Each structure stands twice: as C-alpha cells, then as structure tokens.
Amino acid sequence: MTYSFTTFRKNVVVIVFLIGVVSYLPVKNAKPATFLEDFHITWSNSHIKQLDGGKGIQLLLDQNSGCGFASKSKYLFGRMNSDTDKVRDELDFEFLGNRTGQPYSVQTNVYAHGKGDREQRVNLWFDPAADFHVYSILWNHHHVVFSVDEVPIRVYKNNEAKGIPYPKSQPMGIYSTLWEADDWATRGGLEKIDWNKAPFYAYYKDFDIEGCPAPGPSACASSPANWWEGSGYQQLDSVAARRYRWVRLNHMVYDYCTDKQRNPVMPLECMGGI
C-alpha cells in the first residue's frame, strides 16, 4: 500500500510534526483525494482548516492546542500505526524543529511486534518551510523505505528469517499530529518554543492512498499482483541505493545502531542490514 501527500511548514519552531504511516511512490494511476474522502479530524477541529476545496489542509499550533487527523480506514501494507498499546506496529516520521539558522532534523522510528526505540535522525538538505515536499514510506513484504522527495533516508528490511520482528500482521491507520514537545524534541529539549512567534502552521496537499483496506478481501495483502510488491519495489534500484548512501554519509546525525550508550551490544536487526 502507499499513502502520498506533499507538505511544508511555516513558522514552526521546536515542534514535533508526527506523520504516522505515510507511503509514497511515483504511482502511474495516482488519484489525489480530498481530505474528507480518506481522513477525519481526531482532535481540535478548530485548529485544522481545509483549503482549496479540501485538496489541502492547514494545521495550527498555539499555546491552547495542537491538532491531528487520521485515515478513516486501516490498511495492511502501505504505511500506518496499528492503534494498539499492546503489540504496536508503527512507522514514524517526526519533524523535530530546529535552532534558528540550523538544519531541520527528521527522525524516523520503527515499531515491530511492540518494540520500538529504533530511532534514526537526518538533517534535511533543504528548508522544509520554504515549499512543499513529499515525505513517504513504502511498506511491503520485503522492506520499509522512508523517503523524502524520492530520496531514501532509511530502509528497514524484512529479516524475519533471522528472528528479527517485522510489521506485517496488523492493519494500520494513517495518523498525523502537530504538537508541542519542547521538553525533548529539539536538541534534547534545550531549545524551547518562542510563543511570541505563534501560531505555527503545517500544510498538506495531494492526498493519495493505495493499499489493502481492512476489513477487506483477505487475499489482497498477500497478493503478488499488487504493484507495490512488484520486482521493482523489492529492493532499492541503483539510483535509489546511491542516493541512500549519500544521505547516510552526509546527513545522518543519529543512529540507534551505533549508540553504544543505549545499545552496548548492537541490535540484531542492525547486523542484519537496515
């Protein structure tokens, strides 16, 4: 399954902009939907405004509240959150804000079979507040690929054969929130929000979801006929692999795999290939 949108942020400082389940690839038959076709507001209606007839939305954060929305359906394969605190599966993009004049950081995380704490962080090579960009996650039986403007920034491979958990058994939903987290988000909580610059905004447009809805035909999620399971999406091609290496060499600023304070013994999935 894939979920696609483009987004940019305006006047955002020290904010976690969490996108749960975003998945995008250049899809031949992509048909961007209006917001209310596929989503509903989960909290603070007054802080979310539809734009251009529902083709886009504006999220607002002030000292009173943040806001959030979620997909109306859940899907198996694509990109989502299982919406359970028991055995959680979740794939995260988290925009952590920045110090004025410094790069913006994007953090990704993977929860599989209830276990998370797999954070990786990269500094973006552009100003995300200046224009719209595509942030995406492809989720299939082979791997999870986090991308920014079609540049892979993280790959989490299916290494179940080596005993490494992989999210594949639970349908997940798409969630996005804009909220204040200056106790930990930017530079470990050192940078605080300057509320004199509020309100803060995030914008979305070009919503598109393709995947196997649940409940739905049971054979859909395991069908090799789904385009996202095709041979071209089972591993990075040479161009994507080159871009991925470039990001890891030049823009990665944190990797839980190499954090010896947190993980004196390298996690098994890191040895299996991220």
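Note that Cβ sites are derived from N, Cα and C of the backbone, with glycine treated the same way.
Predicted automatically and left uncurated, TrEMBL annotations should be read as such.
Quick look at what TrEMBL annotates:
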{"type": "TRANSMEM", "residues": "12-27", "note": "transmembrane segment"}
{"type": "ACT_SITE", "residues": "Glu90", "note": "active site, nucleophile"}
{"type": "ACT_SITE", "residues": "Glu94", "note": "active site, proton donor"}
{"type": "CARBOHYD", "residues": "Asn98", "note": "N-linked glycosylation site"}
Neighbouring C-beta atoms (10 Å sphere around the C-beta of the residue listed as 'N-linked glycosylation site'): 23
Number of other Cβ atoms within 10 Å of the Cβ of the residue listed as 'active site, nucleophile' across all protein chains: 22
Distance from the residue listed as 'active site, nucleophile' back to the residue listed as 'N-linked glycosylation site', taken between C-alpha atoms, in Å: 24
The residue listed as 'active site, proton donor' CB neighbourhood, other CB atoms within 10 A: 20
